[in-house]
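Worksheet for the structure shown next.
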Amino acid sequence: MGIREFPGGAPGGKSITIGMRRSPDVSPRRLSDISPQLRQLKYLVVDEAIKEDLKWSRSVEDLTSGPVGLTSIEERILRITGYYGYQPWAASYKREERLRDPPGPAEAQAPVGTDTGGRPSPRCWRCSQAQLKKIFWGVAVVLCVSSSWAGATQLAKLTFRKLDAPFTLTWFATNWNFFFFPLYYAGHVCKSAEKQSVKQRYRECCRFFGDNGLTLKVFFTKAAPFGVLWTLTNYLYLHAIKKINTTDVSVLFCCNKAFVFLLSWIVLRDRFMGVRIVAAILAIAGIVLMTYADGFHSHSVIGIALVVGSASMSALYKVLFKLLLGSAKFGEAALFLSILGVFNILFITCIPVILYFTKVEYWSSFDDIPWGNLCGFSVLLLTFNIVLNFGIAVTYPTLMSLGIVLSVPVNAVVDRYTSKIVFNGVRVVAMVIIGLGFLLLLLPEEWDVWLLKLLTRLKVRKKEEAAEGGADLGLGPQSKSGRARPSFAR
């Protein structure tokens, strides 16, 4: 039992003593057990000395303000005693909002984000402009990603009609990675206010590999493994194009995002999300259905296995990069990809030569090589990787990922008119399931919290609209009677 006595008096001249009991078992929602004492506080008189001692308290300043004073005393009592886990900031905030001068007609009717003149505020206008600009760039990036990825896939298919050499094509296209850092430095010179020399920029980006920069040990331990994974990813993807149609290849490669989640959950200890587990299950189910769509023929099974292997290598590349190197800035990422191109030139060149002389990948003369398709594929693949790695500077990452999914219908339309693909029910269901799993993986980690907030806002808005409608109906007869009274008095 906590006893607190307040000097002053009621009309009877006696001091008021209030006893309050705090129990953790009682729900902190009601004041019914102390409401009689609180009603007596209407007659409370506070000495001037106490006013000086407690001058900082708004509850003392508002003692003479009728019901507001009573509310202030309630808050002060509950703040001092800690009764029922009282939160004074919430009540005081509401009280201050009530005491604030009401806005004028222009302010009261102005919507959110407008000034008193009804015009959009400059800050809101700048925000909307920035968001619109980012969305515009996002649409451009999505179109660029989908068109470059679908175009590279189709050009690879055309190249194999004249040159049956998937590894040589992989090696040739990977050599173009060397242009990443020069292109980045050209953009740095054009955009940056503090321009650096190539050597200065290179040294600054080399800090990504450690304090010693890019040493021979770092090259073989942190760059060479990723060069191997990069080559395997592209080779398995291109080899699968020889076996099955490009639509199946592109849709099956979308499963790499599900593999990234599973590996991140196991290796990186990322947060467990049930919706992403469902997406991974959908991806696996789509792979099985895609295999069933062609009747489990050996040719299609090998092609599907190659695409799944390519998606797995891509997922392993991303997870190991995050595990060993972390996140990279634009210059560091450009330098890293250029180093992969250098590794490909120095250490992978021998493999196409061996395949040529062993006639595994053989061509009679260099004049028979479709150089236009070969260079076009390399340029499109380079464009795809540039946009995918640096597009985050101008738009949202989710929009860039959508470009990979949108390449599937592009390939489907091309295959429909250039090959003998049959879109039976099983194949369409498999494509839809894999696409749905990919979209589920794009949901942010806090998607459930955002969804609950959205539902709560909609529910509150619906209640407010219903209350306003009821208030309007209630005010109608009153306003009529109010207008009728003067005429009746006459």
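Sequential numbering from 1, following the chain as shown.
Cβ coordinates are placed from backbone N, Cα and C, and glycine is handled just like the others.
TrEMBL entries are annotated by machine, without manual review.
The annotation compositional bias 'Basic and acidic residues' is assigned in TrEMBL to 22-31.
Feature annotation from TrEMBL assigns domain 'EamA' to 137-291.
If you look up TrEMBL, you'll see 1-31 (among others) marked as region 'Disordered'.
Per TrEMBL, the feature region 'Disordered' maps to 97-121 (among others).
As annotated by TrEMBL, region 'Disordered' applies to 464-490 (among others).
Look at TrEMBL and you will find 135-156 (among others) tagged as transmembrane segment.
Look at TrEMBL and you will find 176-193 (among others) tagged as transmembrane segment.
Annotation comment: TrEMBL describes 214-237 (among others) as transmembrane segment.
The list of residues near the transmembrane segment (249-268) in space but at least 6 beyond its ends in sequence, with Cβ under 8 angstroms from a Cβ of it, reads 149-150, 153, 237, 240-241, 276, 279-280, 282-284, 286-287, 290, 303-304, 307-308, 310-312, 314-316, 318-319, 322-323, 401, 404-405, 407-408, 411, 430-431, 434-435, 437-438, 441. Here TrEMBL flags 249-268 (among others) as transmembrane segment.
According to TrEMBL, the transmembrane segment annotation covers 275-293 (among others).
The annotation transmembrane segment is assigned in TrEMBL to 299-321 (among others).
Sequence-distant contacts of the transmembrane segment (333-357), counting only residues of its own chain at least 6 positions beyond either end whose CB sits under 8 Å from a CB of the stretch, comprise 165, 167-168, 171, 174-184, 202, 205-206, 208, 214, 219, 223-224, 226-227, 230-231, 325, 363, 385, 389-390. The transmembrane segment annotation in TrEMBL covers 333-357 (among others).
Same-chain neighbours of the transmembrane segment (377-409): 134-135, 137-139, 141-153, 155-156, 159, 169, 172-173, 175-177, 179-180, 183-184, 234, 247, 250-251, 253-254, 257, 330, 333-334, 337, 431, 435, 438-439, 442, counting only residues six or more beyond its ends whose CB sits under 8 Å from a CB of the stretch. Annotation comment: TrEMBL describes 377-409 (among others) as transmembrane segment.
Annotated transmembrane segment per TrEMBL: 421-443 (among others), in sequence order. Tertiary neighbourhood of the transmembrane segment (421-443): same-chain residues 245, 247-248, 251-252, 254-255, 257-258, 261, 275-276, 278-283, 285-287, 289-290, 292-293, 398, 401-402, 404-405, 408, 412, 415, selected by CB-CB distance under 8 Å and a gap of 6+ residues from either end.
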Q | Residues of the parent chain within Cβ reach of the transmembrane segment (214-237), under 8 Å, 6 or more residues beyond its termini | A | 166-167, 170-171, 173-174, 206, 249, 253, 306-307, 309-310, 313-314, 316-317, 320-321, 324-325, 336, 339-340, 343-344, 347-348, 381
Q. Can you name the far-off residues of the same chain, 6+ from the ends of the transmembrane segment (275-293), with a Cβ under 8 Å from a Cβ of it?
A. 248, 251-252, 254-255, 257-259, 261-262, 300-301, 304, 308, 424, 426-427, 429-431, 433-434, 436-438, 440-441, 443, 447
Q: Would you kindly list the residues that approach the transmembrane segment (299-321) from elsewhere in its chain, counting only those six or more residues past its ends and only Cβ-Cβ distances under 8 Å?
A: 225-226, 229-230, 232-234, 236-237, 239-240, 242-244, 248-249, 252-257, 259-260, 262-264, 267-268, 287, 290-291
